[in-house]
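For reference, the structure is listed below as structure tokens.
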Amino acid sequence: MEHWNSTLGSGFILMGILNNSLSPELICATITVLYMLALTSNGLLLLAITMDARLHVPMYLLLGQLSLMDLLFTSVVTPKAFMDFLLRENTISFGGCALQMFLALTLGGAEDLLLAFMAYDRYVAICHPLNYMVLMRPRVCWLMVATSWVLASLSALGHTLYTMHFPFCMSQISHLLCEIPPLLKLACADTSRYELMVYVTGVTFLLLPLSAIVSSYTLILLTVLHMPSNEGRQKALVTCSSHLTVVGMFYGAATFMYVLPSSLHSPKQDNIISVFYTIVTPALNPLIYSLRNKEVMGALRRVLGKCIL
């Protein structure tokens, strides 16, 4: 088969969910509303955490980083998909595709690791409250944040460079964005070894942090059940249930995309899953964390009150 010219001067055609649906206008409107919700809710949460001194504690430092990652993650994908639909122009350059893949993998990987660090933060706060400010001092928190960003960036860079070095036979990507699984389907060369490496990396990056999260919350649950105070027990359960909801949404979608064998994937399913973790989850995360959190809602009222005055 003759290779399609996949040089830096060539481009791909993104055929995402907006191009293959029966009601593209309705889906486009829904995606636009979710994107605006993600921008507003994550922006307000970041504003509250930055401006209110009462939220300058480890838990909210990590939550602020999660909001930043969600804000950037959805902005890497949604505006491009929206403008492509309006302009009927679905092309993306070779370099643009590589950049989008790198940013999406970096932000997804960083969020994956950060959620594990957030679970550790809750474990220390509930199971070792007297040592909390020692074990979660600012230097440790910033080290967790830096570790999430650096490890995710290095992994994303390696995967992006290796994925984009393949010769491609076709230019049409049946997906919302440039990601590894749909791009490998266009490759002319044998990608079986690399697909195995992607699987191993996916297991490492997803299941190891998930195991740490499950272990942390198992220990938290055992501690909470022995709490004498009903108020303390309820507060701990509310905080942890919010985090577990976010963990379930993120890891469920990411596991489907990067851990399940490619034989179990279909373009339609992959498009739905990609919309879920790039658009829906970033819009819902800040609502899940803030609506049931009196400290965050109080901080938002104080900050917005100052801005209005």
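Counting starts with 1 at the first residue shown.
Yeah, the Cβs are placed from backbone N, Cα and C, and that goes for glycine too.
Residues or ranges marked as transmembrane segment by TrEMBL: 24-47 (among others).
The average pLDDT the prediction assigns to the domain 'G-protein coupled receptors family 1 profile' (41-289) is 87. Look at TrEMBL and you will find 41-289 tagged as domain 'G-protein coupled receptors family 1 profile'.
Annotated transmembrane segment per TrEMBL: 59-78 (among others), in sequence order.
Same-chain neighbours of the transmembrane segment (98-120): 59, 62-63, 65-66, 69-70, 72-73, 76-77, 80, 92, 144-145, 147-149, 151-153, 155-157, 159-160, 163-164, 177-180, 183, 205-206, 209-210, 212-213, 216-217, 243, 246-247, 250-251, 254, 277-278, counting only residues six or more beyond its ends whose CB sits under 8 Å from a CB of the stretch. TrEMBL lists 98-120 (among others) with the feature transmembrane segment.
The transmembrane segment annotation in TrEMBL covers 140-162 (among others).
Among the features that TrEMBL reports, transmembrane segment is placed at 196-224 (among others).
Residues annotated as transmembrane segment in TrEMBL: 236-260 (among others). When Cβ-Cβ distances below 8 Å are used as the criterion, the transmembrane segment (236-260) is approached by residues 66, 108, 111-112, 115, 118-119, 122, 126, 179-181, 198-199, 201-203, 205-207, 210, 213, 217, 220, 224, 227, 269-270, 273-274, 276-277, 280-281, 284-285, 288-289, 292-293 of the same chain, each at least six residues removed from its ends.
Residues or ranges marked as transmembrane segment in TrEMBL: 272-291 (among others).
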